[in-house]
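Asker: Per TrEMBL, the features are:
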TRANSMEM  85-108  transmembrane segment
DOMAIN    91-379  domain 'Sugar phosphate transporter'
TRANSMEM  120-139  transmembrane segment
TRANSMEM  159-182  transmembrane segment
TRANSMEM  235-254  transmembrane segment
TRANSMEM  266-285  transmembrane segment
TRANSMEM  361-380  transmembrane segment
């Protein structure tokens, strides 16, 4: 044993101790390193797996909530209803206030036309009162409730188109209100979503899927059925209501383009009111200026000066505020959805006019209202399943061929 240990170069003292593992002997053997690594070492020494660094676990829902962008009003509301529900709650609140103000406006406006049938002048008073409100609110420092800030020349150009359509459509609608019953005007104006669908395709490139288009049919049919009991057809009222549909359709789609992150719906409508005054004042003077003094005297003789001027002021305030909330709603929904909200609003207006003017609500009107509301639910379902598609951008121009 001593001879063996001395031959391989191992100290003699090692033989008497605990046996050494074979791997410890490899360094003294007369073998090349490649042979050792290729045979015995690989069979004995196994590679150690690299350590994995533990990554922090990120909760997706929390990250999504934190990244969600909310405006100041939504941030305040989110403290009570949560981040996910805040945008929906704000939008529904805007729609509810819009409806309430619009109902009040329609009832008072129709009452005024019964003793003061001057639609051009009344339309002008609506926007003049709104402009005075915007200027006063801006002057006291509440700029966010009015013009917001001065606009650039390009922004003014973007706003001018919708504002002009707003002024023309507003006058046309009031001519219709003065000429025929509220029910007929609002029945004809149920076609507004159809105008919005066409204009959204032509201007914004938003194509509406066929199921969504079909869901508009029961809404329009239901509202038409609900108001059919009190129809008194008049060509002036019908044609001006159709003109209002077209111009308000342009207003809705173009206003969607005009609104930006720094210029919200309230500011857009404030500048719209300013431009509308510039259009409506000369138009009213040209159309009704020659008989306006006599008309005012006759109205004061019927209802008194106090009520006459109070009604004109209040109807102007209601008009401005309901349109302001309509614009705030428009910046939160698509033009087609905004049009459908208009249709449901007309159901509420017709129903409230029946109560206010002591009209009898027939079974046909009740059935029509139910159909319209069911159609609204169907539209919501179809819109959630079939998203609106925007037109694909045009392909880039081909590079010129090399000479």
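Glycine is no exception: its Cβ is also placed from the backbone N, Cα and C atoms.
Situate these features within the shown structure.
Answerer: Long-range contacts of the transmembrane segment (85-108) within the same chain: residues 70, 73-75, 77-78, 177, 182, 311, 314-315, 318-319, 321-322, 325-326, 328-329, 332-333, 341, 345, 348-349, 352-353, 356, each at least 6 residues beyond the stretch ends and with a Cβ under 8 Å from a Cβ of the stretch.
Tertiary proximity for the transmembrane segment (120-139) is limited to same-chain residues at least six positions away from its ends with a CB under 8 Å from its CB atoms, namely 109, 112-113, 145-147, 167, 170-171, 174-175, 178, 270, 273-274, 276-277, 280-281, 283-284, 287-288, 292, 295, 312-313, 315-317, 319-320, 323.
Taking Cβ pairs closer than 8 Å, the transmembrane segment (235-254) reaches residues 158, 161-162, 165-166, 168-170, 172-173, 175-176, 179-180, 184-185, 188-189, 191-192, 195-196, 198-200, 203-204, 330, 335, 338-339 in its own chain, all 6 or more past its ends.
For the transmembrane segment (266-285), same-chain residues at least 6 beyond its ends with a Cβ under 8 Å from one of its own Cβ atoms are 120-121, 123-124, 127-128, 130-131, 134, 138, 144-149, 151, 156, 159-160, 162-164, 166-168, 170-171, 255, 258-259, 320, 323-324, 327-328.
Taking Cβ pairs closer than 8 Å, the transmembrane segment (361-380) reaches residues 212, 215-229, 340, 343-344, 347, 350-351, 354 in its own chain, all 6 or more past its ends.
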Asker: May I ask for the residues of the chain that lie six or more residues beyond the transmembrane segment (159-182) and have a Cβ under 8 Å from a Cβ within it?
Answerer: 106, 109-110, 113, 117-120, 122-123, 126-127, 151, 188-189, 230-234, 236-238, 240-241, 243-244, 246-248, 250-251, 254-255, 258, 268, 271-272, 274-276, 279-280, 283, 349-350, 353
